[in-house]
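Annotated coiled coil per Swiss-Prot: 498-522, 636-672, 796-819, in sequence order. Here Swiss-Prot flags 467-478, 504-519 as compositional bias 'Basic and acidic residues'. Look at Swiss-Prot and you will find 959-972, 985-1017 tagged as compositional bias 'Acidic residues'. Taken from Swiss-Prot, the feature compositional bias 'Low complexity' applies to 973-984. Per Swiss-Prot, region 'Disordered' is recorded for 464-519, 776-795, 958-1042.
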Amino acid sequence: MAEEIVIDKSAFFNRLSSFFAAWKADKRPGHAVFGGVGSIVILMGKTDEANSFQKNNAMHFWLLGYEFPATLMVFTTDMMYVVTTAKKGEDWPNTDSAYLSANTGLLNVAKHLEPLKGGKIPVEILVTSKDPDEKSRSFEKCLEVIKNAGKRVGVLPKDTAAGPFAEDWKRAFANITQDVEEVDISPALSSAAFSVKDTDELVAIRNASRACSGLMSEYFVDEMSRLLDEEKQMTHKALSMRIDAKIDDAKFFKKLAKLPAEFDPQQIDWAYGPVIQSGGKYDLRLTATSDNSHLQAGIIVAGFGIRYKTYSSIIARTYLVDPSKSQEANYAFLLNLHDTVMKDVRDGTMAKDLFNKAIGLVRAKKPELESHFVKSVGAGIGIELRDSNMVLNGKNNKILKSGMTLSITVGLTDVEELESKDKNTAVYSMIITDTVRVGENGPHIFTKDAGIDMDSVSFYFGDEEEPQKPAKEKKEVKSNAMTSRNVTRTKLRAERPTQVNEGAEARRREHQKELATKKTKEGLDRFAGTTGDDNGVTQKKFKRFESYKRDNQLPTKVKDLTIYVDHKASTVIVPIMGRPVPFHINTIKNASKSDEGEYAYLRINFLSPGQGVGRKDDQPFEDISAHFLRNLTLRSKDNERLAQVAQDITELRKNALRREQEKKEMEDVVEQDKLVEIRNRRPVRLPDVYLRPPLDGKRVPGEVEIHQNGLRYMSPFRNEHVDVLFSNVKHLFFQPCAHELIVLIHVHLKTPIMIGKRKTRDVQFYREATEMQFDETGNRRRKHRYGDEEEFEAEQEERRRRAALDREFKAFAEKIADAGKDEGVDVDIPFREIGFTGVPNRSNVLIQPTTDALVQLTEPPFLVITLNEIEIAHLERVQFGLKNFDLVFVFKDFHRPPVHVNTIPVESLEGVKDWLDSVDIAFTEGPLNLNWTTIMKTVVSDPYGFFADGGWSFLAAESDSEGGASDEEESAFELSESELAAADESSEDDSEFDDDASAEASEDFSADEDSGEDWDELERKAKKKDRESGLDDEERGKKRKR
């Protein structure tokens, strides 16, 4: 069936306008991008499958959405000329007949280009036919336009264009080559047209990436593992042909949960590969092909690229089958390199920095692998599979911009396996390739669904599978050991269980030393070859703003030559020298009005460098060496008018700041994929649950449903709902109602979502565990009851109902985990027995550890700290005489502010230390509260230098220096049992005084003193009692010490 040719007119003019704007703006010295060209020539010949995606047809797809063979485009800075054929004829003799029959709409190119006339940018279409004279006239007009536009003309010298139409143009153009200078325009097309993608382009690349991920994880991995497990023989070429055929299986792609419902499998095609390699022969270049060797265990490399609506995505993975220790170590290092590169894929990064940081890490950590590391860490990707002008090597000075798409590749080639005795596995290569979008603050990895972690890529078909099991058992043993601990609380500090098992304490101290050493080493490896932020603060970037593009956009009121506040354009227009001068609100600091005599004065202060040393002194400017206007003062007799203007400017400034703040708050909110509802059956539901944070309106219970790729909370009012996708779930918790008023299921998200007008990372579904109680005293039932039978029955019923609630919610949480198991969703339950109270926000709450986190889920604001994100914990205010201490968590992401849990009772100190040690978190302690803002600025400013100077050891050093004094102080003031008994007797005697005792004591102090035993007598009694109990002085001293 013929394809209906419809050119998106809006997209055409938007893209052409942005291209022309970039062209006109390129007036820097040396004309770095466009090379000072006055015109650009894009020539398309006949369709050529071998050169299907070059810059010339990429320009066709970018502007028109289609490739039109035998077409010439000539651009000047204000107009576009198109020379094309009217119908199929001698100009298309070598064009593939199947292509033309499938796209009969292409036979009349002029017809489809005709609607582009009359737009905001002039487009002239010159139609040619079989008549040579007519074609010559069209070419002559284009040549005249090129000569008039300037000496330099942009061409694509590396692109090939064949066929009669192309040959005719080349002959015609040869006549003016002596009059013009040809400039390679491909870098300009890359930067101004293809690099930064709009929304439609990003959606196409994302869908292509999801198709790649699905084909890799849902098909190739299953096929590969089945062949190896069943020990079947198959060549790389045969396996790649199987994958090749799978692209025509529309049902397979329809089943992939990540692909949207509107995804059209008919629009996908291969961009590269598929390529499968194993058995010691590897080629990591894009030109590689699958050979006829058999698939072998060891290192298996698989890669391919898929094109959707002409936009490409690429993926490559390395699979380790029964790997050696050195192979596992090198792959783990490759993951470290991958994270290092990904961390800097963000707006404003220089392209060469990505490669330089990766190679710097190789040189610092494994210099023997430097010669094996790939020559670049990726390239630009889009319509072209690999943009040669955006290769991420050590020489590319281009700046990454938000909206760019890149293929990021880290790899090791031809590494020798010293442990191998088999020549087929003596040499191996490894590669990880992902397609990513450059974001404001980091990358969006489109191909992340095909896992790259060790668990996802490792396969053990031999005897090496067994040793992996103890890891999980070890974790459970630690948790069980902790839950058996019982803390006794007493009234007096002297009676608290301050004694610690010396053997356990020594083991814990030794373990903490190992963790501290490990942290320092990890820090040096992680930040090798990196540079920190200046002064520990990420520098702000200047954001351009514009009040009006043209004079005719100015408001009509400017003719009155009065001060005018244009709220729509966020601009203040001031008449200067008889002309209206606009000042954008972003340039204004504040405005104030004052009176002096019969005049009112309006003073407008502008932002400029060096205005002070306050918090806002880091205001960025485009050129700080330029001349700046500091302030402007206007005088008028119209007092009310100036007062109104000052108020309007103040309001405008407030609104601008509020909008900026709202935009900043919403930066990390990403648009979720659509929830795929279950249609063929009723979804599993949990009724009568409340939502936190709640939806706007009346508080009423709703129900939670489990669908194919997420949860949906349905409100009974106004058909409102909240969707939570499994792919966005970081933690899933179930907390029973024991000792609580509610039973709950809590979801902690990777990226925040919007619920109503609130941004949140935590979504909670709960039901109250208690019912209203009624006093039945005096009613008819009560008359026939004796004793506490009724109260006993109510308690029994309460226990039964709570147990039923726990069973219902736990079963539903397990069903959620089962539905989301492909996304790694698992249920976690807090350990109440090892919980401790503290103040993470405003109120004192119970904080409970889980297997993977530390949580407080009972009352908002919630606390969820992921354990593997913690760098170190520090215990503050640990000193004798204080009833509580504070706990500070520092995260591996040093830009993330530390989390404080304050006012933890000192009785919990040993329990907290035991728990931290059991989950392998390094901790230190000290007597004072530290200024963590200053500390983290120091760390961020030079992280490598920080770890080189000892890292977090300064916290431990502070603890050690205070430890001796603390012990002495405690042992000096702590009472022995005999002294405490004597003190208690004295207290009892004091309590027998009458109301006038205080007055008598003040009048006759000496008599009161003589009436009791002195301290020497008490000391003698205490020693005698100790001797009787068999304790000498040394043992008693040990007992008193902590």
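Every residue, even glycine, has its Cβ placed from backbone N, Cα and C.
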Query: Which sequence positions outside the compositional bias 'Basic and acidic residues' (504-519), separated from its termini by at least 6 residues, show Cβ-Cβ distances below 8 Å to it?
result: 871-872, 913-914, 917, 920-923, 951-953, 956
- line: On average, residues of the coiled coil (498-522) score a pLDDT of 83
Statement: Same-chain residues at least 6 beyond the ends of the coiled coil (796-819) with a Cβ under 8 Å from one of its Cβ atoms are 684, 686, 704, 706, 708, 711, 726, 732, 734, 736-738, 743-745, 767, 769-771, 825-827
Query: By DSSP, how many residues in the compositional bias 'Basic and acidic residues' (504-519) are helix, how many strand, and how many coil?
result: 16 helix, 0 strand, 0 coil
